[in-house]
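The next block holds one structure in the form of structure tokens; read it before the comments.
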Amino acid sequence: MDISPDPENPFLGAKEGSQLKRRRPQTKQQLPHRSRGAMSQSREALAMDGSGTSFGKKNGIVLSHCAAFLLASVFVLSLLATGLLVYHFAPCPGGDSPSLADAASRDGGYPAEGQDGDRRSPHAGSKDGKAGKRLDVRLPRSVLPHRYDLRLIPIGLDTSVVGSNFTFTGEVRIMVNVTEATRNVTLHVGDEMKVDEAHSTIDRTVAAVSGGKRRKRVSINRHELDPSRNFLVIHLEEDLKAGEQYELYLKFSGVLNDLLQGFYRSSYIENNETRWIATTQFQPTDARRAFPCFDEPALKARFKISIARPRGMSAISNMPRIPGESKPVPELPGWVWEHFEESVPMSTYLVAFVVCDFESRRNGSFAVWARRQAIDQANYSLKVGPAILKHFENYFGVDYPLPKVDMIALPDFAAGAMENWGLITYREIALLYQQGVSTNSNKQRVATVVSHELAHQWFGNLVTPSWWTDLWLNEGFASYVEYLGVEAVEPSWKITEQFVVDELQNVFSLDALESSHPISIEVGHPDEINEIFDRISYGKGASLIRMMDHFLTTEVFKKGLTNYLKSRAYQSATQNDLWEALTAQAHKDGVLEASVTVKEIMDTWTLQMGFPILKVKRDYEKGSAKLTQERFLLRKREKGKAISKTASHEDEETEEKYDNYLWWIPITFTSQDIMNFNTTRPSHWMKKERSIILESGLPAAYHWVIFNIQETGFYRVNYDPTNWKMLTAQLESDKFTEISPINRAQLLDDALNLARASLLDYGTALGVTRYLSQETEYLPWKAAFSALGYLDSMLIRTGGFEKFKSYMLSLMENIYKHTGFTDSIRDEQLTVYKRVSVLGWACSLGHNDCVQNSIQQFSAWQRSPNPDKNNSISPNLKNVIYCTAIRHGGQEEWDFAWARYLSTNVGTEKDLLLAALGCSRETWILSRYLEWSVTENSGIRKQDAARVFAAVSSNVIGQPLAFNFLREKWDKIKEYIGSSLFTINNIVRSSTKRMNTEFELADLKKFSMDHRRELGTATRAVDQAIEKTEANVEWMKTHYNTIIEWLSHNSLNS
């Protein structure tokens, strides 16, 4: 799944929050509490009625005062009697008594709470989202799915039918294999789904006397629900026999919701008429919202799907439609059935189906679907999609397993995209590109998201993580090879060079927090699972995969991947399975010593949070260097203070364990003598040791050395003062280009972040930036803008900001002239990106030429006779010009942009305008904008609510407004969006950035305490926001005066 960050904010030069994926079900605190059911394992009772099973509320009863008194008396006497019996019959300590787990195992493996340490969720049973009583959320393995035959009818799509509501009905036949004798079947059923108990059956296929097969019915005793786990337990009158196959039949109904999760509805307007579609989003745990199923990634099965649709609409699913005439739906005039071929074995979260009236464009077995008015924007994705797919077939050495690929652009979609096997779903802006309207960045995003989702067709779909603990393998791998796919079809973009500044350096800031998490982490409850769909799983995962690619060599890496995919095809796997395949190939080709395994190396990177800083201290007389490693943190915790915890961090890490974090570090370096920036295979290893001595390969005493060539290793580097001085001198000379652009970017990013963490003095770090006055390459400037963006955000509300502003404008004088304000279609991709970043910063800092150019071009657009069709502003400069004009304008400019937002048919243009509308300096406009973002029918889609908060928060005036709105309108936001959604996660992140005062920190902590029970997946985001704000407060106390003093005494001419 793609969780692409919002388009970069050009005014800070750093990517902010991510537009994350999907909406989540109610948290356990919201589920209705009921009386204890018959099953001893369930902590919450189960609502039942005579004909159906659902998660709905039950009607109450009324008792007279007399009856109530009698019942109360009986209850008290019962308690006394029970106490006496327990006292008399209770076993002595250490005695043998049957446990709940024992009872559960006798009842067919239904899991007891808290029995399996590897499967328990810390969220359940907790009062504050922290670890409390544990709840086993995993299904038993006594019954496993083999094949689903699913039939669904989505109601409410046909606007000609008056009074129809948005629901769906369905039936499913699940062929199951019984692995051990059991008297119940446990599977998942989502919120608001109702199972018709009267029609439930389970049959065993047995041999008939006359030959052939006959079915033997197994009697059902009762149905039971466990809402906290979304479990439906079907109790039987007799055991299911191990080794036999049974067919479970269930009839059900549910709500076609508007929460962008499960089976949901979406709409768009065409010719002033609302058109409805039904679509799906199941990852990670929402297939259960569409049909009863075994909703875990390892429980793969084949799927045969049939969908009813109104005539005039289309139905699409993972597999091709079975040819032939569509048969009518008897109970629904004007509706027909579409039947699809049976799928290969796959996980429930990859199942998908859409009913819509879209049009499609085809390229062989490849098709792109979109609204009729937007289908012309599909040409680019239809061009690059098949080419990238072919590249991956060659790269993986495995053919694409399905007969077709459909990609569809949805008007409402919470994620960037979703890799459903054979039917990939996208936001419109992630799939559609309009030449002359969309930007180069939009085009690259389409290519990278398409590449990301196609990579998943192998890594994630063909071989699937056994459990969400290894989500990082799925998403980290796709996030790395997406760059390789785009490089194959658009080599002029140099996208693999962009990886360092867009992914690796971007994720460093999050992984440098104590509240980070290992990329391989035990999770259980859906809230926990959703928490790890973050930059750690994606960006850090991708960076570690890239590091392996380099230290194993690409040839060994690819061979190992091919062996892994072929050996685990249509199965699930863990990270250890991949390590074994790569180790075998590395040993075969002699890349690793026989005593070293990939697991030994990579466990230090995947099972520990954070990353190391490599300290290089040279002995210039001996020609050696001492390398020392320790964990890099933006803010060191006080001695003896416990590491910050988040909701899903189970183990209480001791200070001793923290202080002993060590990694296997691949060591690469070059020097002024050699200037080799191409060899990325390590010459040395730090084998999980605190320090080593390098005695050879280093340059002469008067020459510099650079470690971590091309920044292929996931670590920062600090040098002794002498080496820093030599590096700074090289950068300030006219030979600075002898250092590769990636390593120039590395030096800037490392120096400024080392200073931020108080590991390098700011005089040295800011001294490195002085050379930028002669830098003209994109990558170093992008790294500098990202790192200097932190200083901008800390200083912008202080009296010293004028000095920082003056320094930055003088630093940018040459690059501003070099890039200019004119965009040309002949410019290379990195030239375009450089111009956008430079102009964004210049206009934000009030550069007169930049501001006036923006205002003039926006005003000319306003005066054009038909602004919806005639816009002379270059697409690549729109985000700079729109934002600058709105910032320096008033209500007239804002209203004009809002009107264009409502009228445009191009999703990427809507996204640009949505961001620019947050640039206003009018507080009432920004407050109204926030209100509209969580209001039905305001014109802002629910999927874009977090985008509005990010836009407003990127504005120094708007960020406090956004946080106040979040705090004061929490209930409204939660009700509108849902309580456990990634949208909330993003809103929290964006609304809390730039906080750096004790007052703001106190407000943030109070917000956390007030809403701790309701944060759900945002729990970690709030914890990280608190830690960042604490670090910012400390940074202001420690570094503010030092930086202002340096800026006061330094100029580019001194």
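Even glycines carry a Cβ here, placed using N, Cα and C.
TrEMBL assigns the feature region 'Disordered' to residues 100-132, out of the candidate ranges 100-132, 199-231. Neighbour list (H452 (Zn(2+) binding site), Cβ cut-off 8 Å, at least 6 residues apart, same chain): D2, A417, E419, A478, S479, E482. Taking the mean position of the Cβ atoms of H452, H456, E475 as the Zn(2+) site, the remaining same-chain residues with a Cβ inside 8 Å of that point are M1, D2, E419, E453, A455, F459, G460, N474, F477, A478, S479, E482. Taking Cβ-Cβ distances under 8 Å and a sequence gap of 6 or more within the same chain, the neighbours of E475 (Zn(2+) binding site) are M1, G460, F533, S537, Y538, G541. Here the Cβ of H456 (Zn(2+) binding site) has 27 other Cβ atoms within 10 Å, regardless of which shown protein chain they belong to.
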